[in-house]
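Trainee: Dropping a structure here in structure tokens format, bear with me for questions.
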Amino acid sequence: MSEIKLNYHKTHFLTSAPNIRSIPEDTGIEIAFAGRSNAGKSTALNALTNQKNLARTSKTPGRTQLINLFEVEPNCKLVDLPGYGYAAVPEQMKIQWQKSLGEYLQKRECLAGLVVLMDIRHPLKDLDQQMIEWAVSANLPVLLLLTKADKLSQSARSKQVKMVREAILPFQGDIQVEAFSAQNKIGIDKLAAKLDFWFSPLFAK
């Protein structure tokens with residue numbers, strides 16, 4: 001397989017969908033981004049694409065209730081899934097989101113990988129683990145990004161990464177763990193390299 005390097009700065013908004021049934025047809029390759037409502041998902045997407053307002057960041061966690069799709073190249077899509085786990089969201093809506101997320105991860109044929117974002121200071125909450133379980137049971141590779149890494153010293157950061165790497169061993173899936181900071185540009189290159197790898201079958205000669 002030839003090594004590719006996509007230009008994520010060219011990424012543009014494609015469409016929004018209220019639920020999985022409304023997502024455009026199941027073609028090409030999609031990579032999904034998931035995380036708790038305050039994990040910094042939109043910020044990470046904006047840092048990857050070097051666009052301040054590509055994914056709207058909200059002062060109110062849980063605001064992203066739509067599934068947002070972005071196109072990097074024709075047939076190469078990034079999918080921003082609704083943030084989960086925010087206390088102020090009505091219980092019924094939370095249950096609906098979780099059902100929809102599980103359905104998407106397990107049934108979407110063109111889904112090639114899942115990026116789960118977690119605050120490095122509070123990783124592996126119940127819903128994060130649920131996302132990883134769904135992905136592993138669907139044989140979906142996972143990149144765990146420990147966001148807001150700039151909030152910790154380098155030694156504390158390394159300790160957290162090591163702890164999470166050990167904690168995920170029982171999942172027995174294809175899971176990579178990296179520290180990430182949009183502010184200090186930590187881990188953006190690793191994120192781009194993983195996305196390139198997941199998209200590469202489209203460009204295989």
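Keep in mind that glycine also has a Cβ here, set from the backbone N, Cα and C atoms.
Model, not experiment: these values are computed from the prediction.
Feature list, courtesy of Swiss-Prot:
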BINDING   35-42, 62-66, 80-83, 147-150, 180-182  GTP binding site
BINDING   Ser42, Thr64  Mg(2+) binding site
DOMAIN    27-201  domain 'EngB-type G'
Trainee: Please report the number of other Cβ atoms within 10 Å of the Cβ of Asn38 (GTP binding site).
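Mentor: For Asn38 (GTP binding site), the count of other Cβ atoms within 10 Å is 16.
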Trainee: Can you tell me how far the Cα of Leu66 (GTP binding site) sits from the Cα of Ser42 (Mg(2+) binding site), in Å?
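Mentor: Answer for this pair: 13 Å between alpha carbons.
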Trainee: Taking the Cβ of Leu66 (GTP binding site) as the centre, how many other Cβ atoms fall within a 10 Å radius?
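Mentor: Here the count is 15.
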